[in-house]
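Per TrEMBL, these features apply:
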type	residues	note
DOMAIN	A:68-179	domain 'PurM-like N-terminal'
DOMAIN	A:192-337	domain 'PurM-like C-terminal'
Amino acid sequence: MADITAPAQVSVPAPAAPDFSGWTCPAPLRDLPRIVMGHGGGGALSAELVEHVFAPAFAGPALSGLGDSAHLELGGARMAFSTDSFVVRPLFFPGGSIGDLAVNGTVNDIAMSGARAAYLSCGFILEEGVSVEVVARVAEAMGAAARTAGVEIATGDTKVVESGHGDGIYVNTAGIGLIPDGVDIRPQRAVPGDVVIVSGPIGQHGVAILSVREGLEFGVEIQSDCAALGGLVQTMLDVTRDVHVLRDPTRGGLAASLNEIAAAAGVGVVLQENRVPVPPEVANACAILGLDPMYVANEGKLVAFVPRGEAEAVLAAMRAHPLGAGAAVIGECVEDHPGMVVARTALGGTRVVDLPLGEQLPRIC
Amino acid sequence: MKYLEEFQDPALARRLLDQIHATVTRPWALMEVCGGQTHSIIRHGIDQLLPDEVELIHGPGCPVCVTPLEVIDKALEIASRPGVVFCSFGDMLRVPGTGRDLFQVRSEGGDVRVVYSPLDALRIAQENPRSEVVFFGIGFETTAPPNAMTVHQAKRLGVRNFSLLVSHVRVPPAIEAIMGSPDCRVDAFLAAGHVCSVMGTDEYPELADRFRVPIVVTGFEPLDILEGVRRSVAQLERGEHTVENAYARAVRPEGNPAAKAMLADIFEVTDRAWRGIGVIPGSGWRLAARYREFDAEHRFSVEGIDTKEPAECRSGEVLQGLLKPHQCEAFGTLCTPRTPLGATMVSSEGACAAYYLYRRLGGTQAPAPVEASPVG
């Protein structure tokens, strides 16, 4: 290496005034002719795909809610029905596996309607060459998760695709559960005055996955929070049936869930940023990667909108449950700025917490 | 993390704010150079807490925003070629080139990978000897040393299938260009702390003298930024214009000699186009002639690409401080992070994206509910 301490200078003419008025703009990329990863990110691109492609094609009254689960009436019973596909890589990660996610994800989608999942279906898409031992471990994890959640896997299907056409194992689950009488939980029910509660520290699942996927080490191992939330929801409903909204902030994180609720109900949401529980190891990992914990996925947390008068009792009941020990009031529902989520920063400023576009991208520096 | 929450302490922030309020007597315009500082200012709402007299102008220090369209198009062209593994930092993937971005190249079958370090790209090259692995080397003096190190390692290890698409830029010539602009209304600079941790502060006294402008080396956490503002305002009120280091925990006057030596070996200073601004003399780095074999532009001969930028957005005025992002007619309507008209709307460090994400509430127009709905 040359022994110089400053880069070699080429001749530098006197600086011409830059033409700032010439700042021109790239063509807007309005029309994406193909699916990009962001279409699966749970943000604005995902919503556009549903809105413009799936909903018009499927149009039916049952679909109109577009919530985590559909609310159906069949033979006089009210049911929550939901499905989810799991394409996580790696298959096993600190705190869980694709099997745990496949059960808990669908159980939680149903729990967010106040229902207790009763039966699950399960579809496997296996890649040629994946070891049977790995498939068995995933199946065992699913069985164990189902027993913990008190749900029965009642039907299933298996397909195999050629080597190179899958990531080892993809799993789809669907589930169904009864909605108790007097319970009506959906995003549209958020009203000004509701208190916003989160069931515990956020961001653990996304950071756990990132740490193993990208081989990043943060000094301490961060475990996924993957868990079934049916029991916690039951505990809350034992306090009051008048829980207005429940949502499990998975893809897109807390920010996406709150934006969806604000938009669906036409209300504003105000957060006190320093009340949102973020574990130090998650905060550190996010600081290093340039991510915002509010947008990082959770798999064992819920956010609840409850009437102010019930908030204290609901919070106490949540904290008495093992999966709600870290529950905290993080904000409230307001009449101002309908459809928008606003955070008050620790310093006393405010900022809009927007719906993420697609994938959250690590910043360059 | 040590040195993270300590520098976000609300009580200490209040004390600094009180001092700034007590010191300021007249309007001053301060430019924070680095996009990371812009992001922090807006994310924490710092500009709302400053006295009305103190205006923060968001400078052109977002590497994603200033990388010229021509280079983006070269990246898209190279990434589209069969047999190429194109590696990049994540936030370059959504920057629009002429008509498409790297995400779309990937959806069309291109092998585009997000990496966290250029050395990861070198490892991919070693593991895939039959592929041509290209790393998109953009950014300021901060990202240049690891990219230089990667080229150094590639040469040392004899990795022939690795190359770098280089579009590095340097801060001091940009400051010089901004101060030389006839419309310039910047009274002081918050210099980018991380750039100075590499390059030191030697390049700044001459600029401070020539343009009679205070330059305060500033960090990125809220207290760092408030301290930078406090020192800038104090200098301006006293009529001084010196270089101060308000980020001493990371910046030494001499910078990082090892990194500078690596830069001097691998790169040479060149004129560089900044997206939309045009060419700023001596404002960039390219690979030195003796490392030409690692230059992706040379290897893939991507000359003569026809670039096209419709002239609709006003990001030049935004970057000059003549226009706040929300004062642009396209802001939040035609131009959103989903449909960016300008690169400043793409990166989370870009002034327009930062305003869109965090500040629409305080904008002049009432927020349209449709923007926050899942319809997008």
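Backbone N, Cα and C atoms are what each Cβ position is placed from, and that goes for glycine too.
When DSSP labels each residue, the domain 'PurM-like C-terminal' (A:192-337) comes out as 64 helix, 23 strand, 59 coil, counted as helix, strand and coil in that order. Taking DSSP states H, G and I as helix and E and B as strand, the domain 'PurM-like N-terminal' (A:68-179) has 32 helix, 51 strand, 29 coil. Across the residues of the domain 'PurM-like N-terminal' (A:68-179), the predicted structure has a mean pLDDT of 94.
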